[in-house]
Amino acid sequence: MNIAQPVSSEIKSVKFGIYDVDDVEKISVKQIVNPVLLDNLNHPTNGGLYDLALGPYLKNSVCATCHLDERYCPGHFGHIVLPIPAYHPLFFSQMYNLLRSTCLYCHHFKLSKVKVHLFFCRLKLLDYGLLNESEMVENVSLTEAIIKNSNGTPLEDGSDSEDSGLGHDDIAKDAATLMRIRDEFVAKSIADSRQNAHIDAQLTTLLLHERKKVVRAFYHAISSRKQCDNCQSFSPNFRKEGFAKIFEIPLSGKNLQFMEQTGKIRSDVLRDTSKKHHEDEGYDGDSDSSNESEVEGIDLFEEDPNPLKNKSKSPIAHGAKYMTSTEVRNHLRRLFVKENVVLSRLYAHKRGKPASADMFFLQNIAVPPTRFRPASKMGDEVHENIQNELLTRILQSSIQIASLSKDSTVEVNPDEKEGLERRSRAFELLINAFVQLQHDVNSLIDSNRNPSSGGQSRTVPPGIKQILEKKEGLFRKHMMGKRVNYAARSVISPDPNIETNEIGVPPVFATKLTYPEPVTLYNFNEMRNAVINGPHKWPGASHIQNEDGTLISLMPLTIEQRTALANQLLTPQSNLISSPYSYSRLINTNKKVYRHVRNGDMLILNRQPTLHKPSMMAHKARILPGEKTIRMHYANCNSYNADFDGDEMNMHFPQSTNARSEAQFIANTDSQYLVPTSGDPLRGLIQDHVVMGVWLTCKDTFYTRDEYQQLLFQALKPDETGMYGRIKTLPPAIQRPGIYWTGKQIISSVLLNLKPSDRPGLNLKSKAKVPGKYWSPDSEEGSVLFDDGELLCGILDKSSFGASAFGLVHSVHELYGPDIAGRLLSVLSRLFTAYAQMRGFTCRMDDLRLDEQGDNWRRQLLENGKSFGLEAASEYVGLSTDSPIALLNANLEEVYRDDEKLQGLDAAMKGKMNGLTSSIINKCIPDGLLTKFPYNHMQTMTVSGAKGSNVNVSQISCLLGQQELEGRRVPLMVSGKSLPSFVPYETSAKSGGFIASRFLTGIAPQEYYFHCMAGREGLIDTAVKTSRSGYLQRCLMKHLEGLCVQYDHTVRDSDGSIVQFHYGEDSLDVTKQKHLTQFEFSAKNYKSLIQKYKVKSVLSAVDSETASSYAKKALKKPYKYDPVLDKYPPSRYLGSVSEKFQRAVDEYTQKNPDKLIASKKESKLDDSLLNESKFKALMQLRYQQSLVDPGESVGVLASQSIGEPSTQMTLNTFHFAGFGAKNVTLGIPRLREIIMTASANIQTPTMTLRLNDGVSDKRASAFCKEVNKLVLSEVVRQVRVTEKISGQGSDEQSKTYAIRLDLYSRDEYQDEYGVLQEEIESTFSNRFLKILNRIIKSYLAKSKQRKSGGKDDTVPEVGQALKPLEDIDEAPIEGRAQEALEDEDNDATNEKMVSRSKQHASYEGPDEADKVALRQLKGSNKVEDVNMDEEEDEGFKSDESVSDFKERKLLEKQNTVSISERRELQLKTAKEILSNCKHLDFDYVNGEWATVELVFPINTEKLLMVSLVEKACSETVIHEIPGITRCFSKPPDSALDTVPKVITEGVNLKAIWEFYNEISMNDIYTNDIAAILRIYGVEAARNAIVHEVSSVFGVYGIAVDPRHLSLIADYMTFEGGYKAFNRMGIEYNTSPFAKMSFETTCHFLTEAALRGDVDDLSNPSSRLVVGRVGNFGTGSFDIFTPVVDSPAN
């Protein structure tokens, strides 16, 4: 803020609404009437769109309204008056629905007044925040039992009054009584809540959700009535054409007759301009005449209304009457007068004025100021703005209507036929002009709504909607983020010599980036020198800012002039008195010098894509003369995910003291040592430094005094780092035969010089990455041991100073703070660089070679593995390896035809070959290498974690192994070969992509080709997943950005809704809690930690007794007492810790595994020892210090922590769940399914069921067979059809098809599928024939269709998919009534091809799969609306379980019916199903065949009966559990997993309960979260979300802290449903701006404007839109300074 001109006001909230005619006229300075923009001299015309009253037209012109030039004129609105009202295209659907719900006779809603009143009461209560009362008001009618008929039974609101015993008057009287009682209830509820101070005007997610539900129900209720409940009239239906025309469809004959009998007549709303309606509404009576031109005066029905009929050539208007917009408006005006009470609750209205129907129509169109439609000038030519084209068209259409209306009102002699025709033609042209005007208005607001937008050739000018929406729209491109000044961008290059928290700035940036520093006595000399140096010499300055804000540029000044100005920096401005500003205010402000960036300034560095918090950090500037690139330390590479192969980075220079201090103390690099995703370290040394760390700390490295001191000096830089040239050294470890220091002593010396002088040294025990066995069989160099800051044992490698948890640097960070840890990294980096220069490091070919023995091992193993391919193939098809090749090929042929079986073969083959690969690698590396570690530098790199892994070594030295594509082996071509050089269907491993060669000695051409295939797949995956994960992260971000920790430890959304009572359920910060359970570390460093936490000052401020004593009770009796966190806030009560942590501390103190805690006896003797009570107090204190800070944006952190790792995941990863199983969706597709679509129908639903103890394998197998879906085709061996023509003479002839199904033998199908012969018999004679009948009918119908040549939309051509109806208009419509709720807004779905071609790298919109899911959600099957029982009951329709069915069948078998009777009975059943069934038979003895004969007329089209029967067989189900297709036993996850489990494909939880004898009911699990929600409730679903998301990441070994997952799961379920992170989910956000900045801007804008929503700017997005600081982090509180009266000077 400029203190010279402070701004004392800010935007508090934003209210949305709609400008009416008067508002537009008030803000307008001129009516625009001239469609011509410029005259012949290129000057703006009067009354044109560039009229100077609207603002300056070019740079040199002056505004005619405020007389300012183009820099200062704010711009002024104009307006265009339309000759007739036009429909507002964004509100058209809403308006159309209201029209359809209106009775055109009484102009009330067709719904009864009582029901409308109920909705009014509910909405009113919800507006006051009374959710429960809103539910209760529905029951008022039942409890009071007001309306009774003559029998004394309650009368349903909607029941027909004429049928009941009551007369109209009685019902009306009772309805009035009921309404009065409801009103009293509402008034009492509001009064009570006011009294109890419960009223909360704040709109919450829950209230909004409920309100939308009520509104949706209201629209559904009013639009579902055919006859008016109030006056019993039948109103005509309507039909709309596009967004421009509405037609009235005449009443049916029956309804017309009814209306004539009742004598009801519609008033003519066109003829009647009825002043009283307008006065009722609070309008001036003459408002019409002033706003609408003489067109309104035309009586469109005066003589011959026929010209208005059938004007449309479209078939939709056949027999229908075209309605003018005036007529529609007049109907709705009357509705709004009659139903004003409820409509004012639904729609926005001004204070003191009721809601008006005029909001749906445009009479005056506001014209934006010229500065928002600037003309572009090229030389002498002026090009108009593309927006003007739309406005000009409206002007031209308006003028055309005015001239046509004159022609049509000319007096005509009724006898003149020609005159009448002319007038009729004029009418027709007038109507067409009305429609054209409507199209032009539509184009202005939404260019997609205009049908004649000019085809493919020309680009359509964007409408207002297009300007606002999508990534290039106003919201996302110009409000949510902007381009900034004081930024620089360049290539980055590495520099190991600067500090890790510094950034090297090239001089070219240093002289351009400036900071406005106020001049004071303290910095006068510095600022003076800067001004004298000027803009080109560093450190100089570019401008001086005077007290009144004027700037003086130093660019054109000479050194003498600059010196003169520099000397006056403390002199007050001379012309202040005459300036318009107050002298007293400005006298206290300083001059400012825009000085160059200098060493130590904070710069914010950022590398895109900015996926998580550490992608943007603050570094200290260090100007490096002679450089041209940004120089950065290696330790930051991980944070930015940067490398130096040409990456560019952005640099920003904060311009205010607040921003600088936040950068210096919060965003600084040292404070970002731990990543919020998992709490692990992110910064560490890499590559050469790691190798040098290993060499430096080897047991056999010794240094002379010179080397020791030289290394220490180079590392510590005592001259620069504020150590005043002093270095503390250690005595040499070796005195004889010479004086030598060890490498370990150098590390100890570094720590000694870095640690704070008043603190004890570091005590640490950790593991090295290099195992001890690599040095010698019994070496202990694998464990690192520090005692009081001295390195006693162990090698320092990646696990000590790389980005690894619990290593040296991480422990220093925990003990001494981030600054010391940052300095340690810098010092180690310089130390290892210096050592590398002393020692050198290289890698040679000999490091890659195997010795003779190693080569022999490799050769022998490969020789033994040659037959593995044949063995695996033979085993898979159940043959021995010496079986004839022909037999093997015959069996394999079947496998290759079935993709699932082929997948099984691939898995078997891969398993066998991967075993070979592993055995070769294990044998040859490291034992078979020519040079052994540590002298093998390749091994040094891989073993220490510096670069590469064992995979790289093995591919170079051993073999490449099996190549995989999408988890499968290399696929075969049609010829049966994988490449032309192989034999068809070859079983060798090589032909399936196994590469036995190595890079060292070269690979064969075929192997090279396979390797390239696998590489290409990886590249494609990388390219595709960037956009997928980018959009996923954006969806998470927009929903969660408002979630923030409050001062009461709760996590709340920006509307105040509580999402969690404790963040992550224990209130701990992810990064602070990492060391919390490292009890050994805490005990060893007890003294240092006590000093760090300043125990005495903390204990004086908190209660240390209450919570601790309560926690002991609560832990002993958890069912009696609530958890301590629930009762005592952890920030004020020491000992208020989570139960899990308390148990862990207790367990450690009791077991005392490290013998660090003294017993009571020992601590009595020596008071300084660490005893149990001291240790517990320390741990409680550490817990309190690890609490999450209030104001922390945990929602943003959670979304980044899910989004960032998802970019590391492969896109389409499939996990093979065992033979016969479908793949399980994993990776990004699964994440999108859980999080973005919250899908109720997931791609691969499965259940995991644990078998009860004692269930035998045989019973388990039988259970799987019972649950499996069995279709008839699985028991049919072959189908035979005989066709013959029978009968004499052409009239009597017929075609007979004899169908015979040959089944497998009864023993085979009973063993394999556990199915009885009777089941097959019954299925064949019943279900099979029904399905066959349907298939034959469908086939004949299609062939008839083909013959007739007629094309029907519903029957696609061959090879074309039938287009789902929903695709035609992907509007968010729920049922027909939902049209009223939502505008058909398809922001993210339109122009799909355009977005695909652009492939916006990181934030693409929803893809096809998302749209399908969105459509599913839009239907009525929203999870929260699902009737809990209905859906699952339907899932298990058969009233008996499968086992009951079998028992019943067996009983039937015992009551044997004779075979002949069975045959007769089944033939009778068959004839009922198929009238043309002539004969039916079944093998009742052996159950091995079934026959049926079907007769057709001779002229029936030829039927390909075999394929039809095969199709019928595959569709005929013998037995199934609905929803479940397969069941199979689950292979154990590990050797420890001994519990037998089965997996089902498909989910039906209720049906599985039937099998309680086999299945453990407490161990059922499914990956279908929506099913869990329906059956087990919301808490179970919430836990399932956490489990599912974490298992998706678990597959890739990515650690995401459970606190983030629990927050996401809580957010998705805290409303009681399963909310998706998409635009359906954000619908219930209370901030309109937040919704608009996400997707479908105009849909949410329309909604907000119609409802009159208020955005209170509590959401981060909405604050950003209006330019206010966010209310989170440092913005979540204000700082007040105490005002102290200073004594008079």
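Backbone N, Cα and C define each Cβ position, glycine as well.
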Based on the annotations in Swiss-Prot, which residue of Ser1322, Ser1395, Ser1438 is described as phosphoserine?
Ser1438
Per Swiss-Prot, the candidate from Ser267, Ser779, Ser944, Ser1441 carrying the annotation phosphoserine:
Ser1441
By the record in Swiss-Prot, which of Ser159, Ser1290, Ser1348 is the one labelled phosphoserine?
Ser159
With respect to Swiss-Prot, which of the residues Ser161, Ser287, Ser293, Ser1658 bears the note phosphoserine?
Ser161
Which range, 420-432, 1005-1017, 1512-1524, does Swiss-Prot list as region 'Bridging helix'?
1005-1017
Cα-Cα, whole number of Å: Asp647 (Mg(2+) binding site) versus Cys63 (Zn(2+) binding site)?
48
Could you give the Cα-Cα distance between Asp645 (Mg(2+) binding site) and Cys63 (Zn(2+) binding site), in whole Å?
54
Between the Cα atoms of Cys66 (Zn(2+) binding site) and Asp643 (Mg(2+) binding site), what distance do you get, rounded to the nearest Å?
56
Restricting to the region 'Bridging helix' (1005-1017), report the mean pLDDT as a whole number.
91
Asp643 (Mg(2+) binding site) to His76 (Zn(2+) binding site): how many Å between their Cα atoms?
52
Residue among binding-site residues Cys63, Cys66, Cys73 with least C-beta crowding, 10 angstrom cut-off:
Cys66
Where among the binding-site residues Asp643, Asp645, Asp647 do you find the Cβ with the fewest other Cβ atoms within 10 Å?
Asp645
Which residues in the same chain, at least 6 apart in sequence, have a Cβ under 8 Å from the Cβ of His76 (Zn(2+) binding site)?
Ser28, Val29, Lys30, Ala53, Leu54, Gly55, Cys63, Thr65, Cys66, Pro369
Around the recorded Mg(2+) site, report the further residues of that chain (criterion: Cβ within 8 Å of the mean position of the Cβ atoms of Asp643, Asp645, Asp647; site residues excluded), sequence-ordered.
Ile492, Ala642, Phe644, Gly646
Whose Cβ lies within 8 Å of the mean position of the Cβ atoms of Cys63, Cys66, Cys73, His76, the Zn(2+) site, other than those residues?
Ala53, Leu54, Gly55, Pro56, Ala64, Thr65, His67, Leu68, Pro74, Gly75, Pro369
